[in-house]
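> Grabbed the feature section from TrEMBL, which reads as follows:
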| type | residues | note |
| --- | --- | --- |
| TRANSMEM | 18-38 | transmembrane segment |
| TRANSMEM | 59-87 | transmembrane segment |
| TRANSMEM | 93-117 | transmembrane segment |
| TRANSMEM | 129-147 | transmembrane segment |
| TRANSMEM | 167-189 | transmembrane segment |
| TRANSMEM | 201-218 | transmembrane segment |
| TRANSMEM | 256-278 | transmembrane segment |
| TRANSMEM | 299-319 | transmembrane segment |
| TRANSMEM | 331-352 | transmembrane segment |
| TRANSMEM | 364-385 | transmembrane segment |
| TRANSMEM | 391-415 | transmembrane segment |
Amino acid sequence: MPAVTIALVAAHGGAFTWLAYALVGMVMWLVAIQLGILARHFPSPGSLFFYLAQALHPVAGLVAGITMIFGYGGALLGAPLLCGLFANTALHAIWPTAPNLLDLFALATLAIAFSLARRGVEISARWGLWVEWFSLAGILLIAILTLRHFGISDPQQWHFSHLHTPSLLSALVLSLLAYGGFETAGNLAAEAEHPRAIPGIMRWAVILVAIFFVFLAYTETLAFHALGQPLGNASTPLNAIATAMGESWLGVLVDLAMASAAFSASIATFNSISRILLSMAEHRVLPQMLAQRHPAYGTPIRALQVLAILVLASILLFWLTHSSVLDLIDIFGTFTALGFVLLYALSNLAALRYLFRSGAGLRWISLLITLISLPLLGAVFYGTVVPFPGGSIGATVIVFLLMLAATSSVGLYWARFQPERLQAIVSKQLS
């Protein structure tokens, strides 16, 4: 799914879209080191919800849990629709007179992703991995053919005298979506064969994502410079590049690759959010029914069912309102990216506090990482809200801030009047 947002990032970053991905990648690698420390010492399907509650404060854990549910929830609501959009586009490229089946493709994506997630993380992750490999292979093939057609040199992307810092800051928040979610590897700690490998997986995931997106951003920007068109105005940039090269079959491959990526994202978000809901229910933050597991597969079946109902409702709402899928992705993406900024900032503080309290030798390295990454995360947030955006993006920022204020208020109320609720969050005795 984040591959779709390159054009949105380019609308702000322009010729330096690749730089936005590179800068955020460096910050995310530092954050991955901090998160690896927390994942090693506090393994839990609730990941950041439990990490921050244990290492920082139960209120921080509560804020993290709710933020993850809403942030990943936006990705879950958008992924089946995005899969439907690209599958429908591929169908019309092959069969121009075909009916509009976007909604049916979205419903099929929901049904298959739910079925795989219900059966367990191993089978769903294996399916998601194979689908993602196809998606990556298709996109990389198109990128390589693009460089072969247009060449590899694009001096405009290296003229740093033309760099406009405020625009680059605005590009950072959406480029964060490419990396956001690597921390969900910690959600599977209880079900993984080798849970101690998870911190290393987080770090390598960030490195590989950075290489992929910097390369893809550079390639797409180069092609659109050669075409004399702004990348930021393209709704389907890879399709436009395929058409410009006279390779119509590549356009179909692009659509299938993007649909595959969105399908994989549907599976991943089902797995991640359901385990966060499970953990929060077991710690008595959310209703106990969400802690119910499937009798045969042991998966959080009740949480998965609730999520499936919400996604179904979003598809029906989309069908009734005839909204634009890409506009919804822009809104969901902004909300999710703001959530990532908050979560990663709190993770830095949590790892730092834990290491200093335990007297670990890594504490000074953690302090250095925090001093580097926190200002950069602050710059990402600043670039989103200054100047304050109008329209739906501005409304999204306001909703995010209201969610943060409401969750913090509930946490502070519990701390003052119901401390046993917060104690249940850090308790190792689950309901």
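Just so you know, glycine gets a Cβ as well, placed from its N, Cα and C.
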> Would you say the transmembrane segment (167-189) and the transmembrane segment (364-385) are in contact under the rule of three or more C-beta pairs closer than 8 Å, pairs 6 or more apart in sequence?
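By the criterion, they touch.
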> Give the nonlocal contacts of the transmembrane segment (299-319) in its own chain as ranges (CB under 8 Å, at least six residues past its ends).
73, 76-77, 80-81, 103, 106-107, 110, 114, 117-121, 270, 273-275, 277-278, 281, 289-293, 325, 328
> Is the count of Cβ pairs under 8 Å between the transmembrane segment (391-415) and the transmembrane segment (59-87), pairs 6 or more apart in sequence, 3 or more?
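The transmembrane segment (59-87) and the transmembrane segment (391-415): touching, yes.
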> Using Cβ atoms and a strict cutoff of less than 8 Å, what residues sit near the transmembrane segment (256-278) while being 6 or more residues removed from its termini?
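Tertiary neighbours of the transmembrane segment (256-278) are 1, 3-4, 45-47, 49, 65, 68-69, 72-73, 75-76, 79-80, 82-84, 86-87, 90, 105, 109-110, 112-114, 116-117, 121, 124-125, 127-129, 131-132, 134-139, 142, 181, 184, 187-188, 238, 286, 290-291, 293, 299-300, 303-304, 306-307.
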> Do we see three or more Cβ pairs under 8 Å linking the transmembrane segment (129-147) and the transmembrane segment (18-38), pairs being at least 6 apart in sequence?
no
> Which residues of the same chain, at least 6 past either end of the transmembrane segment (201-218), have a Cβ under 8 Å from a Cβ in it?
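Hits for the transmembrane segment (201-218): 2-3, 6, 9-10, 17-18, 20-22, 25-26, 28-29, 32-33, 35-36, 39, 136, 139-140, 143, 154, 157, 175, 178-179, 182-183, 185-186.
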> Within the same chain, where does the transmembrane segment (93-117) have neighbours whose Cβ lies under 8 angstroms from its own Cβ atoms, ignoring anything closer than 6 residues to its ends? I mean 6 or more beyond.
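Counting only partners 6 or more residues beyond its ends, the transmembrane segment (93-117) has Cβ contacts under 8 Å with 79-81, 83-85, 87, 123-124, 127-128, 248, 251-252, 255, 259, 262-263, 266-267, 270-271, 274, 299, 304, 307-308, 311-312, 315, 318-319, 325.
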> If we skip the immediate neighbours and take only residues 6+ beyond the ends of the transmembrane segment (18-38), which ones have a Cβ under 8 Å from one of its Cβ atoms?
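Same-chain residues near the transmembrane segment (18-38) but 6 or more away: 9, 12, 48, 51-52, 55, 157, 163, 168, 171-172, 175-176, 178-179, 182-183, 186, 198-200, 202-203, 205-207, 209-210, 213-214, 217-218, 221, 344, 347-348, 350-352, 354-355, 362, 366, 369-370, 372-373, 376-377, 380.
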